[in-house]
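Inspection log for the structure reproduced underneath, given as structure tokens.
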Amino acid sequence: MLARRLLSSTGSLIGLAVLVVLPFVVTSPYYLHLLVTIAIFSILLLGLDVVFGYTGEVSIGHAALFGIGAYTAGCLAMHFGIGFWPALPLAIIVASVFGVVLALPALRVTGPYLAMVTLAFGTIVQILINEMTDLTNGPLGIKLTTPLFIDLRWLGDSIPLFDMSLKRMKEVEYYYIAAIALVLTLIIINRILASHLGRAFEALRDSPIASDCMGVSVYKHKVLAFVVSAGLAGLAGALFAYSEQYIAPNNFGFELSVQFLLAVTVGGRKSRLGPILGAVIIVFLPNLLSDIELFRYIAGGIALVAVIAGARAFVKDPENRVRNAIPVVLCLAFFVFSLLLQKITDYKLAVFGVMILFVVYYLPDGIVGFLKRAVAQLWPSLVQTHAVIHADTHGKAVTASHEGHSGVLLHVDNVVMQFGGLRALDQVSIEVKPGTIHGLIGPNGSGKSTMMNVLTGIYVPTAGAVRFKGQEMAGKTSSDIAGDGIARTFQNVQLFAELTLIENVLVGLHHTYQATFAEVALGLPRIRREEKAARERAMSLLHFVGLADLANEEARNLPYGKQRLLEIARALALDPALLLLDEPAAGLTAPDIKHLVEIIRKVRHAGLTIVLIEHHMDVVMGLCDTVTVLDFGQKIAEGKPAEVQANERVIEAYLGGVATAAE
Ligand SMILES: Nc1ncnc2c1ncn2[C@@H]1O[C@H](COP(=O)(O)OP(=O)(O)OP(=O)(O)O)[C@@H](O)[C@H]1O
């Protein structure tokens, strides 16, 4: 852990030192300008990574947001004489507003459909910039002057100006301003992504349904992700306008959006270094592809690395020798191709395409992802050690949010759920008393999971009412219902696959955070306190289900049985009054089922009420106080386990089948 921290702070210090020293090394104005462009693109790509890497949405509209930032700065200068400094926050605000516009379709469509919508957004913005000549000067574009260091012109001519106010920035000074903007962006983005907000972004990517059911509103957090991303694109745009001193509509076309996406993909998603590396690549690649000598050196370097890695794989992985040899041969062929080339300019696009294809195919996590894996193999101690988090030993691991409710906790009243011609639930009424375990059983397709989905707001019932603690639930969103105290697990496990175990539980603890967005961005004490308390609580919940040893493992690497236990820990993090368990014993081995039964008993003992769907009759009969039986969407029996077990209709419709299946 210490080594890792040391490495990370040493890395940051080296990065800072490089940023400070670079202009002393790179004195050519041309290359200095390229460095400024890299810093500006890095800011944009760090923002794009929030949407693309973290929430998993493909946006082809970021060049337009970039253009909106640039044109905000341009229009403010051209029409109102408003200079560089006020333009920066205003560009952030204007682009953020457009970020909300772009987020709205993301709430309805995802994947390729969203990509198409964002593409349309980009095209419309470009057309508008072209057509609204009064505002934007149309295809002629807008010219800007080098920014003043301190702009006091807005005070009026009568106020005497001091020297600095008339001094225009030199390229090197502009470089430092762009570098400071980049460092601030890195700090703020790092804080946001390491907080409960960053986890919420990842959670909604991995399972939107589970996020909502954990009280993490997909709607709210998707909009937030787009706003953060758009704000950074706006800032980058304004910096770009003053760096280039001329902007025109064709600077912000579709190709630029595609380049941005490729830059994040090639650099490496979900990392701070990846977008910066991506920016370096898209800025330097055109230069690299113009200089044949440099191109040959780089192709040679890549071939050398491939040969070394290939030789290692040849020895260590004898079963996949042919597969491992292919990238080595391709890299060597690329090097030979670079030697045979006389003039590279004719092949620029083809070479660019081949490089992208190669990276996307062989380095799906980008260059940074590849390097991380290589470091993990060579120096496992640097990446595998995590902070030792002590479980919260003072409080109880499991607490119910509203203990002591008397009467009926959950009242399902004549609920009907119709899917076209199919009645999945047909006038079902159930009463669940507080502190009990209420079983819900029935043959496959009888409507049990549909009932869970109705109770958690995923389905709105066609008719009937659901009252929880006397309050009507129909029409509430899943995240509101979770906030009211109903937590659930899923029949088909819905974990946040790329998050670690502790992070999965922390998503369930999202409701414990009171810190505002600004507090998170500024890293104020409250968010640090809340994060520490939440981590301790998450650890105690992992202890409770017996998974504490695996806290820092990614959820997707867990065996199936343990995934179900993790879902229970995550649901308990909500401090619910009612816990809905949908077939928690499915796929578990006999010892795992025994462990599960103990956990459910302890949960009930802590004061929670449980609704349990289960096909394992011994589990149902051993745990439940009351059992309701469904068949073809109708309630056919209800009572104590022994009564239900002896019921003729139940034996005929279900238990006979279960007995036969068990034999
Ligand atoms: N979204 C939906 N659209 C259409 N039909 C659905 C939908 N959800 C469920 N159904 C149908 O409703 C019926 C009840 O399904 P449900 O999943 O609730 O049964 P179940 O009792 O949970 O079964 P199992 O034990 O196999 O999980 C089934 O016929 C199912 O195909």
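Placed from the backbone N, Cα and C atoms, the Cβ positions cover glycine too.
Summarising the annotation, TrEMBL assigns transmembrane segment to 7-25 (among others).
Feature annotation from TrEMBL assigns transmembrane segment to 31-52 (among others).
The feature transmembrane segment is assigned by TrEMBL to 64-82 (among others). Remote same-chain residues near the transmembrane segment (64-82) are listed as 44, 88, 90-92, 94-95, 98-99, 102, 121-122, 124-126, 129, 135-137, 142, 144-145, 153-154, 229-230, 233-238, 240-242, 247, 249, 251-252, 256-257 (criterion: CB distance under 8 Å, separation of at least six residues from the stretch ends).
Residues annotated as transmembrane segment in TrEMBL: 88-106 (among others).
The transmembrane segment feature in TrEMBL is assigned to 113-129 (among others).
Per TrEMBL, the feature transmembrane segment maps to 174-193 (among others).
The transmembrane segment annotation in TrEMBL covers 223-242 (among others).
Residues or ranges marked as transmembrane segment by TrEMBL: 273-289 (among others).
Positions annotated as transmembrane segment by TrEMBL: 295-315 (among others).
According to TrEMBL, the transmembrane segment annotation covers 322-341 (among others).
The annotation transmembrane segment is assigned in TrEMBL to 347-363 (among others).
According to TrEMBL, the domain 'ABC transporter' annotation covers 410-657.
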Problem set entry | Top partner of the transmembrane segment (88-106) among 7-25, 174-193, 223-242, 322-341, 347-363 - counted as Cβ pairs under 8 Å | 223-242
Exercise. For the transmembrane segment (223-242), which stretch among 31-52, 174-193, 322-341 has the most Cβ pairs under 8 A?
Worked result: 31-52
Problem set entry | Long-range environment of the transmembrane segment (174-193) - Cβ separation under 8 angstroms, sequence gap at least 6 | 16, 19-20, 22-23, 32, 35-36, 39-40, 42-43, 46-47, 50, 54, 88, 146-147, 201, 228, 232, 235, 239, 242-243, 272, 517, 520-523
Problem set entry | Stretch of maximal Cβ-Cβ contact with the transmembrane segment (322-341) [cut-off: under 8 Å; candidates 7-25, 113-129, 273-289, 295-315, 347-363] | 295-315
Exercise. In the same chain, which residue numbers or ranges, 6 or more beyond the ends of the transmembrane segment (347-363), come under 8 angstroms Cβ to Cβ?
Worked result: 262, 265-266, 285-286, 289-290, 295, 327, 330, 334, 341, 369-370
